[in-house]
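Notes for the one structure printed next.
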Protein chains: 2
Amino acid sequence: MLWKVATFNVNGVRARLDRLLAWISEQHPHVLCLQETKCQDAVFPRQALEALGYEVLVKGEKSFNGVAVLTQETPESVVMETGDPLLDREARFLAVQVQGVWVINTYVPQGRSPDDPAFQYKLDFLNQVGRWIQERFSPQDLLIWTGDINVAPEAIDVYDPKRLEGEVGFHPEERAKLKEIMAWGLVDLLRRLHPQAKQFTFWDYRLPKSFDRNLGWRLDHMLVTEPMAHRCAECFVDTGPRGQSKPSDHTPVVAVFDMSSLS
Amino acid sequence: MLWKVATFNVNGVRARLDRLLAWISEQHPHVLCLQETKCQDAVFPRQALEALGYEVLVKGEKSFNGVAVLTQETPESVVMETGDPLLDREARFLAVQVQGVWVINTYVPQGRSPDDPAFQYKLDFLNQVGRWIQERFSPQDLLIWTGDINVAPEAIDVYDPKRLEGEVGFHPEERAKLKEIMAWGLVDLLRRLHPQAKQFTFWDYRLPKSFDRNLGWRLDHMLVTEPMAHRCAECFVDTGPRGQSKPSDHTPVVAVFDMSSLS
DNA sequence: GTTACAGGGG
DNA sequence: CCCCTGTAAC
């Protein structure tokens, strides 16, 4: 059975609903993780997504952040609150177990600037996501940590590594922290499958023509345990949505797993 | 020569530009009077309209009101300021002489409520428009007073005259004032041509499904001298724009004149 | 640039 | 309901 999981930072789910629905109708992921829904649960466009055959799990707040997980199959488990005050402080973390696989959807704090308290919050948040995973799972479990991780792991993952070195999203402390967490047993799926590909997932609105000039960052990831990596049939960035009118500044990452294959 | 004049309260020319351009491309009026452009002259989308072959005359202010006149032919005369402080106080009055015809474009104050000072301002504004016309022209001149006049002249011009009697836009003082001004020699062109037609030009956003249920008002007019009325080939409300997505709350009124016919 | 919000206005 | 003006955040 081929099983498709995707992540998409929509930058406002209400403002982007028509393009989100169109994209879902193209790709029909079994599981779709959304970030930056930017609305309270009461005004989340739940119905429109349910009409496409999804169960809709939302964790929103007013104006900022907000994550959601859409699943074609009913999850076996749902984690709305981790119990960790840092992870639960804003609407940035939502985990489900579906079809036997744990899917952890995060919207990692952007960090503002390396000298801002928000940067330490980002490092702490990453650290606590790592701890949360490592305390509950083993690297042999079927697990995907996905979402807007807001860290470009390597020089190849930003449009100008020399110029951007040290900026939020490409700061050595973030990269080290991410690497440290992944050393436990998480594979950067896109990079594993496409070792040399410049595949960005984010292009800043504020940089003129950033998408046309491909001045992007790879900030959205599929970080998976080896058993999931072995089952992966493909992993790709779909740049389609970013090229359309009034796009999100991010574009989706999609992974397809063959869940009938041997581990 | 058939000569088409139109009026359209666009409710924000920048927010409505694509639909405005589409409508112009359908109707190609020789003269188009706009109201509620809601922007300063520096940010008025002049180029897009010039690209359609129009000379663009704007009188805007920040955020509110704002009138413009687009002409295919260069006007012989332009009146940007009347010299009357009441008429010039906000961006509500713009007059041009084009193809020998005087076209006076007004966005008459809405009036807020009959007990609000804005209501007296509305009555005074109407009065001064009348005075301005009568001091400069004779009923034998070629003249059109058009725009969002914000008065429904008769019971047939509102969706529920009993319920709306006395409300702004259908208050006896406004109707009397408009009638008094028109008695000088102005013809309500749409009513002259279609004596029984319920032809609304405005449907309130705030009233649920007002357009679908046709709960409208006729507030936008073509008030013309007899020589122009004699030359009129047709006059109609184009409800098309109001039915499209993200419409203005008003829809255009169009008049076609045969300027080669005898008076 | 683009979203969200609040407040004024119709 | 929809526009505009601001502000804040990314």
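Residue positions begin at 1 at the first shown residue.
Note that Cβ sites are derived from N, Cα and C of the backbone, with glycine treated the same way.
For the Mg(2+) site that TrEMBL gives as B:Glu36, B:Asp148, B:Asn150, B:Asp249, B:His250, the extra residue drawn from B:Asn9, B:Asn127 is B:Asn9.
Nearest to B:Tyr107 (active site) in space, judged by Cα atoms and limited to the recorded positions B:Asn9, B:Glu36, B:Asp148, B:Asp220, B:Asp249, is B:Asp148.
On the backbone, the CA of B:Asp249 (Mg(2+) binding site) and the CA of B:Asp220 (site 'Important for catalytic activity') stand 12 Å apart. In this structure, the CA atom of B:Asp148 (active site, proton donor/acceptor) is 6 Å away from the CA atom of B:Asn9 (Mg(2+) binding site). The subset of recorded positions (B:Asn9, B:Glu36, B:Asn150, B:His250) lying with their Cα within 10 Å of the Cα of B:Asp220 (site 'Important for catalytic activity') consists of B:Asn9, B:Asn150, B:His250, given in sequence order.
In the predicted model, the domain 'Endonuclease/exonuclease/phosphatase' (B:6-250) has a mean pLDDT of 98.
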